[in-house]
Amino acid sequence: MTNQIQKTISVCIIGRPNSGKSTLLNRIIGEKLSIVTPKVQTTRSIITGIVTLKDTQIILYDTPGIFEPKGMLEKAMVRCAWSSVYSADLVLSIIDSLKPLDNIAHNILNQFCLLNIVPIFLLNKIDIESKYLNDIKAFLKITHPKSLLFPISALLGKNVDVLLEYIKSKAKVSPWLYADDDITNLPMRFIAAEITREQLFLNLQQELPYKLTVQTEKFEELKDKSIKINQVIVISRENYKAIILGKNGAKIKDIGVKSRVQLEQFFCVPVHLFLFVKVHAFWENNQEFYQYMKI
């Protein structure tokens with residue numbers, strides 16, 4: 001044990017859906033913790049990532065994308081995203097530099113002003129040439145003159161090291177909250193459910209992924225060090241079941257195989273995965289499911 005001075009800082013990553021929040025968190029902690037898919041609104045709850053760099057422990061909060069919510073679940077997701085802003089020491093507002101600032105982006109910027117928050121703006125996806133980048137920079141310098149701007153590529157890691165040095169410079173002397181090799185404080189059951197939900201998002205079409213959730217009912221470490229996982233895919237309508245199962249169960253078997261591969265990569269042990277489908281009408285309006293999803 002050393003007597004080095006310990007520093008900590010909590011960092012919230014907020015922005016529109018598919019702006020690169022989850023990719024950035026995964027890049028910083030060096031592990032695929034937060035699920036990533038081409039579909040918007042993949043992240044539903046706050047995903048906590050932890051990285052310890054020498055004397056500094058950084059606690060990162062990946063949040064659901066900010067959009068115009070309609071249903072009860074969507075509204076809960078947006079509330080969840082903003083809730084992390086209040087408690088964080090530093091706010092990173094990530095912006096997709098390949099797109100112009102739209103109404104939702106302007107609403108986010110206005111909300112920062114209302115909350116008296118000075119965010120750090122991350123202009124993401126600079127690995128691809130953008131005709132909007134300079135205009136976004138110019139606009140932000142006028143509307144948020146106190147904020148720093150970091151052009152980055154979360155996917156390739158460009159300028160992420162510069163960002164990390166800045167984050168470390170803002171950390172305060174305080175005992176670490178976690179062990180230096182921890183990457184998250186999330187329960188393993190929750191992480192396992194997220195991994196399977198990612199495969200459902202990647203392998204089911206149109207709106208169906210948004211109509212389901214996944215719960216890990218059993219997470220058991222066996223004597224041979226392997227893990228047995230029982231999960232329930234909860235859907236709101238009976239007719240969704242046939243789509244998820246596929247012909248002769250082929251679809252759910254394929255999803256199970258892909259999910260098991262990802263689970264084994266994350267937990268570094270063999271995994272025995274068993275998937276079940278359960279109909280629970282109006283689960284999106286049930287607070288018990290929100291508690292499980294941590295929103």
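Yeah, the Cβs are placed from backbone N, Cα and C, and that goes for glycine too.
Note that the structure is predicted; figures quoted are calculated from it, not measured.
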Between 124-127, 172-175, 216-219, 248-251, I'd like to know which one Swiss-Prot lists as region 'G4'.
124-127
To which of the residue ranges 54-57, 62-65 does Swiss-Prot assign the term region 'G3'?
62-65
Across the region 'G3' (62-65), what are the DSSP residue counts per state (helix, strand, coil)?
0 helix, 1 strand, 3 coil
Over the span of the region 'G2' (41-45), count residues by DSSP class, listing helix, strand and coil in order.
0 helix, 0 strand, 5 coil
At a 10 A cut-off on CB-CB distances, which of the binding-site residues Asn18, Thr63 has the highest count?
Thr63
Tell me whether Lys21 (GTP binding site) sits in a helix, a strand or coil according to DSSP.
helix
Within a 10 Å radius of its Cβ, which of these binding-site residues (Gly15, Lys21, Ile126) has the fewest neighbouring Cβ atoms?
Ile126
